[in-house]
Amino acid sequence: MGFEELLEQVGGFGPFQLRNVALLALPRVLLPLHFLLPIFLAAVPAHRCALPGAPANFSHQDVWSEAYIPREPDGTLSSCLRFAYPQALPNTTLGEERQSRGELEDEPATVPCSQGWEYDHSEFSSTIATESQWDLVCEQKGLNRAASTFFFAGVLVGAVAFGYLSDRFGRRRLLLVAYVSTLVLGLASAASVSYVMFAITRTLTGSALAGFTIIVMPLELEWLDVEHRTVAGVLSSTFWTGGVMLLALVGYLIRDWRWLLLAVTLPCAPGILSLWWVPESARWLLTQGRVKEAHRYLLHCARLNGRPVCEDSLSQEAVSKVAAEERAVRRPSYLDLFRTPRLRHISLCCVVVWFGVNFSYYGLSLDVSGLGLNVYQTQLLFGAVELPFKLLVYLSVRHAGRRLTQAGTLLGTALALGTRLLVSSDMKSWSTVLAVMGKGFSEAAFTTAYLFTSELYPTVLRQTGMGLTALVGRLGGSLAPLAALLDGVWLSLPKLAYGGIALLAAGTALLLPETRQAQLPETIQDVERKSVPTSLQEEEMPMKQVQN
């Protein structure tokens, strides 16, 4: 008897599983609030050099502005330069005096802003870019982008740590660690007194939040039967979409970056309390030989699901037999993901897919400019478009399968980005439509990746495998903000990079095995016993013939 048979007795989908999904909804809402927070936290409003005697109204462009601030080739006032000397208009008294002294030049000299900047506070009262003494603009704009990279680098490291530790010490215990760490480090970030302190605390916050990305999906999945994994996975992913749209509302209501960061961090407190009702994974408990605890959770699941199961029909001896089979498997390591042919093939393909999914998703999500809408409208639209695409995922994975859905959504992302390169900058409506379509496809690819990857790895390596793929995925997420700086080389180069990587990931997804209607593998042997991809079969056939 395997765990699937035990789960069938107590109910693989019912009130117990629905309660579990509801209790784990909060981490899914918190993730986009933090992951996409740089859209508001690191926003760069219009700015110009701070000069003595500047008009109080930022948008007021008068003779004074013309005298002190040069214009860019597109006619806008420069954000990073000022004239070395006031350039009064020739027809003014000051201009005639300076002309008589020979101080007016055809191409007047410009210098960087030496006295700081003045910012337009009509949209944001404060961001990390406008923070006093930080001024992450012009020559320092790289540090602004780097803040997002540091955060995702923290997520990358945290994914490895939480993936390994949750396989060792349990999902529920590490979820508590993730909640507490996120709360403490988020509060420290909001109280940062310097950019260095902010960068360090945000990096550590990213490491803590990685626990949510690694633990929540498998903790739900390991209590679900095969038939209902898809609907539960898509239902759970809608909480991410809710968080994306909620961020637009919270960002609109709270315009100061410190209070905004505080607002998205404090919900961790009720999340800690909710863990009292979150069950540990019975699958994991059995792999650790903790039969009594697993038996207790299974009986609790049966009672909530209304299954007429007593201790005789679900005996501890039967559970012990399943646990004995699981204990025969040694503790996992990351090397186990590459020891056997089929797992090695799965792991290599998954890391490419996850890199492409994250790189394209965050490249699209963090670029909300140039669409003819303000940042709040764009964020709300980007969130709303995810809902119909999640429905598309639900229908597609059930009928077309996981593999084709994964490849198709990544291909849709690449095509949307590629087509957007061909659209003129004057056609903002078409550019907006393509950006929204690309965002929808990239979110669909993300939703499919979580479901697909969780089904590919066996129980004993599921968290470790998710940790590896999330690690490489977060590497893609951390590089996405830096890739945006490539617009200094060629304006379209960032979009070309995002689309090209998505296309590569789409092709790689086709090399993975299909998992639709398949039972979750329990051990490495379960994975290796399944039929390998055609390419591997061709490689192994000569070896079998030699052995025969």
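In case you wondered, yes, glycine gets a Cβ from its N, Cα and C as well.
Record features (TrEMBL):
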- 76-517: domain 'Major facilitator superfamily (MFS) profile' (DOMAIN)
- 527-548: region 'Disordered' (REGION)
- 146-165: transmembrane segment (TRANSMEM)
- 177-198: transmembrane segment (TRANSMEM)
- 204-224: transmembrane segment (TRANSMEM)
- 231-253: transmembrane segment (TRANSMEM)
- 259-278: transmembrane segment (TRANSMEM)
- 346-364: transmembrane segment (TRANSMEM)
- 376-397: transmembrane segment (TRANSMEM)
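The highest tally of CB pairs under 8 A with the transmembrane segment (259-278), across 177-198, 204-224, 231-253, 346-364, is held by 177-198. Listed by sequence, the residues of this chain that lie at least six past the ends of the transmembrane segment (177-198) yet keep a Cβ under 8 A from its Cβ atoms are 27, 30, 34, 128, 131, 133-134, 136, 143, 147, 162, 204-205, 207-212, 215, 258-259, 261-262, 264-266, 268-269, 271-272, 275.
The highest tally of CB pairs under 8 A with the transmembrane segment (231-253), across 146-165, 346-364, 376-397, is held by 376-397. Mean predicted confidence for the domain 'Major facilitator superfamily (MFS) profile' (76-517): the pLDDT average there is 82.
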